[in-house]
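Structure, as structure tokens:
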Amino acid sequence: WDETHFGKMGSYYINRTFFFDVHPPLGKMLIGLAGYLSGYDGTFLFQKPGDKYEHHNYMGMRGFCAFLGSLLVPFAYLTVLELSKSFPAALLAAALLTFDTGCLTLSQYILLDPILMFFIMAAMLSMVKYNSCANRPFSAPWWFWLSMTGINLAGALGVKFVGLFIILQVGWNTISDLWHLFGDLSLPVVTVGKHLTARVLCLIVLPLTLYTATYAVHFMVLNKSGPGDGFFSSAFQSRLSGNTLHNASIPEHLAYGSVITVKNLRMAIGYLHSHRHLYPEGIGARQQQVTTYLHKDYNNLWIIKKHNTNAADPLDPSSPVEFVRHGDIIRLEHKETSRNLHSHYHEAPLTRKHYQVTGYGINGTGDSNDFWRIEVVNRKFGNRIKVLRSRIRLIHLVTGCVLGSSGKVLPKWGWEQLEVTCTPYLKETLNSVWNVEDHINPKLPNISLDVLQPSFPEVLLESHMVMIRGNNGLKPKDNEFTSKPWHWPINYQGLRFSGINDTDFRVYLLGNPVVWWLNLLSIALYLVVGSAIAVAVQRGAHLPAEVEGLSQVLLRGGGQLLLGWVLHYFPFFLMGRILYFHHYFPAMLFSSMLTGILWDTLLRLGAWSLASSSLARGLYVVGNLGLLLGTAYSFYLFHPLAYGMVGPLAQDPRSPMAGLRWLESWDF
């Protein structure tokens with residue numbers, strides 16, 4: 001499963017090979033470091049789930065993730081203890097995470113999730129700790145926990161962009177904290193200014209510095225050309241040793257007869273590409289497909305020729321060199337198939353009102369729909385065209401449209417490459433601007449490309465643009481398994497982590513249903529009880545001291561945790577990208593901690609309402625023991641989901657999971 005991605009990326013760090021991923025680099029760097037320190041040499045291929053590790057030392061990477069995953073339990077314990085000052089509440093919250101099959105499954109493999117959850121929980125604990133030091137501002141513990149909050153925020157964001165949700169939570173806490181200080185008239189304005197400065201330094205400057213530093217290390221370590229090159233600009237690629245542009249020297253000006261690759265300037269679009277496959281029946285003209293492709297490939301090579309076929313052969317050694325100039329009419333002939341870049345009035349496959357672009361002709365002989373005017377953005381007619389530096393547009397002579405890429409992913413018939421169209425809308429956008437990258441012409445002198453290497457801020461900005469674009473491109477494909485956010489809290493459907501052979505351990509990611517349904521019930525109960533208490537307090541009801549103390553814990557401590565759950569869950573309803581069950585687990589951590597506080601408070605209130613002290617104590621102890629033993633027993637029933645089911649399938653009465661498929665949608 002995802003181990004094939006993140007294990008492979010750990011290997012890339014060990015081998016210093018550049019790659020592209022939609023997540024920031026910190027999680028993969030830590031996995032690579034854990035592998036390196038534990039003796040893994042980065043040679044396992046991670047080709048498909050189920051491949052045997054054999055002699056490769058993978059235990060360091062799995063052990064590192066499992067260690068961070070196991071720390072979620074003490075973090076939850078300490079956070080709830082700080083918020084509620086109640087040992088049984090903290091114990092219950094910790095037990096819910098200990099006995100959850102989902103957290104266990106997610107923590108025992110080479111995945112980003114345990115690393116992300118570690119930083120989220122560490123940030124939450126640090127925030128709660130520095131809140132508790134509010135009566136001792138600027139003391140050593142206060143500075144320590146404030147700084148730790150900033151460090152863990154950088155860690156959470158450095159693993160996945162969903163780390164933004166915990167940043168929002170800490171941000172809201174900080175703003176309300178400062179607003180309260182601002183309203184305290186006993187504090188001098190200078191002291192309020194110091195408070196503001198401390199938070200800016202520890203919660204903005206420190207996290208940003210650390211986050212930027214992870215990218216500095218990322219770019220320093222990954223200095224060899226790899227599978228991620230094509231997602232980035234030509235200037236970016238010139239940094240990578242082994243890339244055709246690194247320390248390269250190529251002819252500076254474009255000439256007829258040159259073999260070139262043409263790259264779109266919109267990030268993560270790639271190279272103009274064609275292959276022998278035709279557009280299917282019913283999609284425009286049944287001619288050769290033209291797409292954009294993110295990876296280096298022979299099918300990205302084109303020969304630039306004059307539009308009139310009877311011109312002298314530019315490849316003839318005796319013919320003089322003739323440079324391509326701004327405003328020239330040209331043909332682009334695909335080197336591998338000898339078909340010309342062609343457009344006509346047929347509609348593009350995916351983008352309405354755009355025209356189809358195809359490969360047409362035989363051995364470079366086609367028709368007038370193969371003619372394109374090459375224009376350099378913001379240049380005068382007659383100027384030569386510089387390789388890599390000139391931003392060019394190709395205007396189709398017959399239809400007047402501009403060659404571009406919509407960025408839309410073609411279906412299986414187009415090999416899931418990106419659509420190329422000819423757009424009649426002449427407004428200049430990056431989708432329709434290209435540059436010439438590779439340039440081969442033995443008749444021309446070469447220049448060095450070292451002058452193109454970008455600065456660190458440029459590299460940092462570009463990598464973020466490519467990641468954001470990559471995330472936006474993660475749309476569900478036809479027949480691909482995806483889950484919906486409303487499925488997650490009800491534990492509607494799990495996720496297979498392994499094959500279903502009778503001989504193998506079959507691992508299935510599913511939350512412990514007793515834990516998850518108790519959490520769901522607790523959120524509903526909290527909203528009812530919390531609202532009732534809030535209304536009573538607002539109406540000026542005189543609560544007994546004991547009840548008032550408990551209601552403060554419930555409203556303040558429970559409110560922080562409910563906010564955490566809301567921030568880590570509801571944004572997924574707004575996301576258009578493909579979603580999986582494991583995206584819910586950070587929110588599940590907050591709901592488990594809320595459950596601990598809520599049930600402890602309810603049992604204390606129940607015990608307080610009883611006249612007899614021995615009866616009250618009995619109710620409290622029995623209630624807590626019942627919850628702890630119930631979750632422990634449910635873990636005993638469902639633990640094979642995490643540790644691997646063996647023997648007959650669940651439908652068979654002899655199976656250890658027989659009778660435990662409580663929902664039809666659980667496909668274990």
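Cβ atoms are placed via backbone N, Cα and C, with glycine included.
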Quiz item: For which of the residue intervals 29-47, 447-465 does TrEMBL record transmembrane segment?
Solution: 29-47
Exercise. Verify whether three or more Cβ pairs under 8 angstroms connect the transmembrane segment (200-221) with the transmembrane segment (514-537), leaving out any pair fewer than 6 apart in sequence.
Key: no
Quiz item: Apart from its near flanks, which chain residues at least 6 from the ends of the transmembrane segment (200-221) lie with a Cβ under 8 angstroms of it?
Solution: 13, 16, 24-26, 29, 143, 146-147, 149-151, 153-155, 157-158, 167, 170-171, 174, 239, 456, 459-460, 463
Exercise. Mind tallying the domain 'MIR' (251-307) by DSSP state, helix then strand then coil?
Key: 3 helix, 28 strand, 26 coil
Quiz item: On the 0 to 100 scale, where does the mean pLDDT of the domain 'MIR' (251-307) fall?
Solution: 86
Quiz item: Near the transmembrane segment (142-168), which residues from the same chain, at least 6 beyond its ends, have a CB less than 8 A from one of its CBs?
Solution: 23-27, 112, 115-116, 118-120, 122-124, 126-127, 129-130, 133, 136, 198-199, 202-204, 206-211, 214, 467, 471, 564, 567-568, 571, 583, 586
Exercise. Go through the chain and flag residues at least 6 beyond the ends of the transmembrane segment (111-130) whose CB is under 8 A from any CB in it; none is fine as an answer.
Key: 2-3, 6, 23, 26-28, 30-31, 65-66, 68-69, 71-72, 75-76, 78-79, 82-83, 141-142, 145-146, 148-149, 152-153, 155-156, 158-160, 162-163, 165-166, 169-170, 173, 560, 564, 568, 582, 585-586, 589-590
Quiz item: Same chain, outside the transmembrane segment (587-607) by at least 6, Cβ under 8 Å from its Cβ: which residues?
Solution: 72, 76, 79-80, 83-84, 86, 88-94, 96-97, 100, 102-103, 117, 120-121, 124, 488-489, 511, 515-516, 518-520, 522-523, 525-526, 529, 546-547, 550, 553-554, 557-558, 561-562, 564-565, 568-569, 616-617, 619-620, 623-624, 627
